[in-house]
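Novice: The carbamoyl phosphate binding site feature in Swiss-Prot is assigned to Ser46, Thr47, Arg48, Thr49, Gln73, Arg97, His124, Pro125, Cys126, Gln127, Cys258, Leu259, Arg286; the stated evidence is sequence analysis. According to Swiss-Prot, the L-ornithine binding site annotation covers Asn154, Asp218, Ser222, Met223.
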Amino acid sequence: MKHLLSVCDMDNVVDLLDLADDYKEGKIREKILRGKTLAMIFEKSSTRTRVSFEVGAFQMGAQPLYLSASDLQLGRGEPIADTARTLSRYVDGIMIRAISHSDVVELAGEASVPVINGLTDLEHPCQALADMQTIREKLGGFDGRLVFVGDGNNVCHSLLLITATLGMDMDVACPPGYEPDPGIREMAGKIADETGSRIRVIHDPSEAVRGADVVYTDVWVSMGYEDEAEDRLEVFRPYQVNMELMELAAPEAIFMHCLPAVRGQETTAEVIDGPHSVVWDQAENRLHAQKAIMHWLMGDI
């Protein structure tokens, strides 16, 4: 049974990108998922993940089924394994946006239908695929260098893995103590060694961004870290992606953000709404990338 829990589960990244492009260009009109149902479990609120999966499944002929934590018996103590086995009797695929990555791994271990990680505390593979689709269409390939500025979080983890897989150099500019997970760094480093790319973690954002082709940031206070908000806002202040920082990047550099954004914190309105920004194309590509993922996992190919 194929699942997408991590970027490392994509043994066909370029094929998926090509498929996503085909969906974006309207080359695939057949209802690949006609008669199928996708369960969408959300332990965290969502705009882009929910809407893109729901619209994408519908456009592919499937019936999306939204399930919040309060809709399921998980909140009342039903084991994850029991939920996985039960849903597998009803639906053809499960997309889950969860708090704990280990819960998603357990769910996939017991499910008899494909499970898609729609975001956990460790990874966000769907976002990473859409990001690479965006980079390829804007830059023409992966010869440039991506710099992630801010918290070494789940989005950063998936970007490290997918850029390494595609042979793209990536730097992470973050405060001491907010580096990416050591296990993810080690895994990405091994992949990078095989593909000839380079990964660095740097604490000086100016040094990291100088000459970069892609500058990427994310919120400083992710869901679940609200109690650290005051400390984080102070620690990350020097890591704001503003025009002064963007001017250090390559002249044709693009600015990316997985959204939602807090203008005035991790970036400024001048940047996110300015000429370098591709965030709306990036958000749109969530739809096309996730169609490719559903096609791959649920399309009987």
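Here the Cβ of each residue, glycine as well, is placed from N, Cα and C on the backbone.
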Novice: If you count Cβ atoms within 10 Å of the Cβ of Asn154 (L-ornithine binding site), leaving out that atom itself, what do you get?
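Specialist: Result for Asn154 (L-ornithine binding site): 25 neighbouring Cβ atoms inside 10 Å.
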Novice: Around the L-ornithine site (Asn154, Asp218, Ser222, Met223), what further same-chain residues have their C-beta within 8 angstroms of the site's C-beta centre?
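Specialist: The answer, listed by sequence position, is Leu119, Asp151, Asn153, Val155, Val219, Gly224, Tyr225.
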Novice: Which Cβ among the binding-site residues (Arg48, Arg286) has the fewest C-beta neighbours inside 10 Å?
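Specialist: Taking Arg48, Arg286 as the binding-site residues, the minimal 10 Å Cβ count falls on Arg48.
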Novice: Taking the Cβ of Cys126 (carbamoyl phosphate binding site) as the centre, how many other Cβ atoms fall within a 10 Å radius?
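Specialist: So the Cβ neighbour count for Cys126 (carbamoyl phosphate binding site) comes to 26.
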Novice: List, in sequence order, those binding-site residues among Asn154, Asp218, Met223 whose Cα sits within 10 Å of the Cα of His124 (carbamoyl phosphate binding site).
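Specialist: So the list is Asn154.
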Novice: I'm trying to understand the geometry here, so how far is the Cα atom of Arg286 (carbamoyl phosphate binding site) from the Cα atom of Met223 (L-ornithine binding site), in Å to the nearest whole number?
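Specialist: So the alpha carbons of Arg286 (carbamoyl phosphate binding site) and Met223 (L-ornithine binding site) sit roughly 20 Å from each other.
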Novice: How far is it from Asn154 (L-ornithine binding site) to Cys258 (carbamoyl phosphate binding site), counting Cα to Cα, in Å?
Specialist: 11
